[in-house]
């Protein structure tokens, strides 16, 4: 067939120009080529040669500055133009099919126009981002020419009676309109930017965001194409492959998305709605603030859902038209052929292309809808969190202290309720789109299948409530699982905290069994969870099969002439798949809506709770009045039940210097709740620049008085003023201004999760001399020296690593460091020993603060400091008993003064031991284990680095590979369930394909039968011997089998998950219990606990669901590709490039997704801890007037979390758009290949329908496959971490002797021989005991002493084989302990450790977990430990409960319980490892007495913390650096002049 522009048929009308050139169709088309050629010739050199000088280009960070007017409209019109041009090309090709030779003029101009259209938008984009408006002249000429040419062509068509029936007429008209609109847009740019015909061009500046180099989230700024395809994310996602993503990489949020911007928007909406009551006003405010983007999202969703129906309709059209010949020749007009829209759409290839475009558009709109909804949800979350925070800052403290609002409740509001509202916004578009989807789906099904479609739809509708019921049951099961998990974690935590004691007493198996019991309960609950999950999965898979089966059975039985052609069958199949989706979503959307309503209710209650003052504070005013006073805030009640405060600032030093008193309160009545006032009739004065002390008994209202002055209490009546008068009170000057910062140290110290230095300076600039003076005054230097990074050490949330006294001193140091005029100290000595208290009083308060002439108010119980006070306020039962100087009180209330005097001069009779030494020792220990863990990690890292030759690329490669080994560990734990799982999945998907293949086979035969019937003149196919019943019965059997297999696979997946969860937890617990002590000393407890909490939870609940989803989507994709390849083998060629594209997309996405998920999680923690910190330190923050600084920090944390979430969302959309486009290409290739195959190789229409239905499925499941792969990779990290712990080498529990060979009462005498003993903690470490020899006779009391690190504790641990005894031996009662089984050895000794450890449970359980002792034995042990009277008074006696860690007993009592526990065991050897270090002198003397009497006949080895405790011992061993330095009776050693022991004793006195 020859090629010519106008065709080359003989007597061709195409070249006929008798009636004028313009009346020739071919010439008109040639004329239309001119503008496009013009544009291509003009723009290509400019595009490819470059721009020359770019001096006019504005220097900004990104080339995304889109600033020409009508920018988005231009892109939109260009997209529409390109689509219409594709239709024009297709129309030309189809109409050319009716002639013998090829007429290039029918589609070549359209092809050139398409190229010109693409060039125009690329050209425009480059000009816009480079800011060269004058170069747009080329486009202006192009639009004018194109518009003129199309208008001439359109006019000529109209003249020659070509009308709306001809498709080319409509296309030409549409193109003329589009070119006209684009011309209008171009003229608008000239008018807007004035670059032509105006003397001065308009000056424009790039937006602030684009000038900021830190803003890297570009979604709001890029052009429409980049917005729709997330093209701007390409560089970001590929870069993640080379370096991990962190907060620096993702930069800052654009201004419009920041929490502050959204908060202001929300506050405005709240204020306009605030008049209304109830939770509805919250919804109205949210709608007002964030409604618009949500409407856009819903619109996108509607468009996507409507385009989704193009799939089934196009399949129906394609299959229908393949089986018919649609050629009808019409006479030519203007020398060319015209076709109608009907003929155009009757072409299967055209439908394939339209289906491709519909899919592309549908997926783009769907992802745009998701993105907008999620972005709105994230913005809303940030705004509400900021709103909650601002509310917290104004909460009345009484709400907190009376338990109306707890820290937990507020944290739940932030962590849970704001997320519930966010999720509701995510799912909101579904709420509106689902009804439309269902209605349109049912209408189309009815159109295809008639009444039987309604029956099928009813099946789905009836089963939807069942779905909802299952979803409800699932959440209930999850709740009960959570309760058991918490209980198991509590027990595991206790087990890990007390692991040393459990090992020493050989009780690990008892506690292990207790954890296992709770785990069994948890697993039972998990079984219920798994059951309902599998029902849910089963229903998701089975409902479509059941619906299709019911529909076809009814359809065939209802009418004799039922049309069950492939076109109808496969279109219905696709429609059912579409219809099932909204019904599955229904349950989760309904649940999310209910939760959001509850959350809104909670937020409404929280926002309407009482507060101090309004958000705006009054401005400073200085009117004249009868007296000078300065107001301090309080919480007065007004009729709205709000608390308003008149807030005041610090007066200048000079004004105050002349005044005597700051009179704080006059006739004040204050309360925490609405009941009786806590403080009544308060009249108090505080002298300026002097030390005021507030004293009184516990609970008399001392702290309340301070808080009342700070305005933290509700004021019932009276005034809180600072009445400042000079001596004559002559001047009348009222000064009412805002109160400034007051340095306040609360009774319960409040610390930030920051470094120690940040806690002390507290946002103030660092002044070195002042800082040093404060550190010295608070005696913090020795503590700082212990910390690994000194004062730059992070001290953890709420100061976890520090003791009470250390925390308190830091709190006081903060108050001293601030340079405020007023300092309030609330009982700063409560947790300090006598030496520290004296030092702080002398150096800190009397020296540092007095020298600076600061007003100090000190609440204290230490009456010995009263002589230092300039003014004393004595309180009793919530009122002021008396006030004045010490002399005044001596005169006015001598009785009280006498009472004080005895207390002031009473020398502490009982020696108050220094808690500080112990605190520092504990801190040193904590730091040691931390450091050990750290160095070990560093060693590991170093070794890893050396192995990989320090190559970063290797590490990066490691990040990109899937953890197959972890996957293997997970699946291998499933045991015999694994083959069942694999086989059931394979059978199920094979059967699914078989069902659809049979449908194709059946429907093809229906068409053949119809043709036969027409040939044989039968009225219906049945008369010619065709029967549906055989096909239908096979179809029914296959469907029923499919439903059964769906059930089997869903159960198999969940049961496999359960089996693995059970197996892994059991193995982990067994390993941990038997692990050597070294593991617990070098691994932070939190790390091990995380394996039992978050990692176990992931394995329990998340991996099975992800595994199911992953296997289903992968097998569906594989089976779909298999079916398409079977139908059209040509497809395999096209599959290769598509597979390569998919591989790279998923490879890059997985790495970025994992990093972003981790970043989102890690940015959430500081945000939540900032909330809890603020709630706990509210009084301090408000006293310091630091609200704005803390608000600023919150905004930073919120923005960091939100930008991580936004990038994660954008990355997910990036993946999905690309995978959907690959899916659309699969559909296009499969459609074109199967149409060609059918037309030329007579492929059955049924198989064409089958291939297309499966191709549509690929596009649905491709991105699910990659998303699940990414999730699976993250979740397998849990398996990897647990597997890491499973590799721990256990202690050697076996011995050379069997347990039965050890004599029953061994050791009876308690004789100990130590021969050449050398001990180390690990084979890699140096020995801690070297060549030690000793002999201890039966019943001897031996004391071991030495400095820290001399090997005392290692000596005691050697008896229990807790350390590696690599040389020498210990022989006890003639048996070498190395030969004994470990369990037996440890069960025969008793030990009392330095830290008393009690477990939650009964007292009986704590004394005797093995339940071997009788009640009499237990009471005897308690009596010996002097605890019998204490336990007798408790409800339940021996069965009284001990709380976690024994918190309901004092430190001393806990130590005595440990003594009783050791006595119950009645072993002949007792070891006391610094057992008296953490108890007071009184308890210690009891202990010593007991040891001497009750343990008189037993061998006792005491490791001494204070040397005087071993002066009565029979033998003393002094150790130094792992060797024995002195070994003798204490008297003998004391008599020696150069004895180290004697030196110790002297130092201890």
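The backbone N, Cα and C atoms fix where each Cβ goes, glycine too.
Sequence annotations record features per position, and here TrEMBL assigns compositional bias 'Acidic residues' to 938-950.
Residues or ranges marked as domain 'ABC transporter' in TrEMBL: 659-902 (among others).
Annotation comment: TrEMBL describes 1312-1546 (among others) as domain 'ABC transporter'.
Annotation source TrEMBL lists region 'Disordered' at 930-950.
What TrEMBL lists as transmembrane segment is 33-52 (among others).
Counting only same-chain residues 6+ beyond the ends of the transmembrane segment (73-94), those with a CB under 8 A from a CB of the stretch are 103, 106-107, 110-111, 113-114, 117-118, 120-121, 124, 167-168, 171, 174-175, 178-179, 181-182, 185, 223-225, 339, 343-344, 347, 349-350, 353, 357. Annotation comment: TrEMBL describes 73-94 (among others) as transmembrane segment.
Positions annotated as transmembrane segment by TrEMBL: 106-124 (among others).
As annotated by TrEMBL, transmembrane segment applies to 136-154 (among others).
With a cut-off of 8 Å between Cβ atoms, the residues of this chain six or more beyond the transmembrane segment (166-185) that come close are 70, 73-74, 77-78, 80-81, 84-85, 87-88, 91, 95, 113, 140, 143-144, 146-147, 150-151, 153-154, 157-158, 333, 338-341, 344. Summarising the annotation, TrEMBL assigns transmembrane segment to 166-185 (among others).
Nonlocal intrachain contacts for the transmembrane segment (423-447), taken as residues 6+ away from its ends with a CB within less than 8 angstroms of a stretch CB, comprise 290, 294, 297-298, 300-302, 305-306, 308-309, 312-313, 369-370, 373-374, 376-377, 380, 453-454, 456-457, 551, 572, 575-576, 578-579, 581-583, 585-586, 588-589, 592-593, 595-596. The transmembrane segment annotation in TrEMBL covers 423-447 (among others).
Per TrEMBL, transmembrane segment is recorded for 564-586 (among others).
Residues or ranges marked as transmembrane segment by TrEMBL: 962-983 (among others).
Annotation source TrEMBL lists transmembrane segment at 989-1009 (among others).
Summarising the annotation, TrEMBL assigns transmembrane segment to 1030-1053 (among others).
Residues or ranges marked as transmembrane segment in TrEMBL: 1123-1145 (among others).
Listed by sequence, the residues of this chain that lie at least six past the ends of the transmembrane segment (1246-1266) yet keep a Cβ under 8 A from its Cβ atoms are 311, 315, 318-319, 322, 359, 363, 566-567, 569-570, 573-574, 577, 996-997, 999-1004, 1007, 1109-1110, 1113-1114, 1116-1117, 1119-1121, 1123-1124, 1127-1128, 1142, 1145-1146, 1149-1150, 1215-1216, 1219-1220, 1222-1224, 1226-1227, 1230-1231, 1234-1235, 1237-1238. Positions annotated as transmembrane segment by TrEMBL: 1246-1266 (among others).
By the Cβ criterion (under 8 Å, sequence separation of 6 or more), the transmembrane segment (1030-1053) is in contact with the transmembrane segment (962-983), since 3+ such pairs are found. Across the domain 'ABC transporter' (659-902), the prediction's mean pLDDT works out to 78. Beyond its flanks by at least six residues, the transmembrane segment (989-1009) meets 323, 545, 564-566, 568-570, 573, 1021, 1024, 1026, 1028, 1031-1032, 1034-1035, 1038-1039, 1041-1042, 1045, 1115-1116, 1118-1119, 1122-1123, 1244-1247, 1249-1250, 1253-1254 of its own chain at Cβ-Cβ distances under 8 Å. Remote same-chain residues near the transmembrane segment (1123-1145) are listed as 993, 996-997, 1215, 1218-1219, 1222, 1225-1226, 1229-1230, 1233-1234, 1236-1237, 1243, 1247-1248, 1250-1251, 1254-1255, 1258, 1262, 1266 (criterion: CB distance under 8 Å, separation of at least six residues from the stretch ends).
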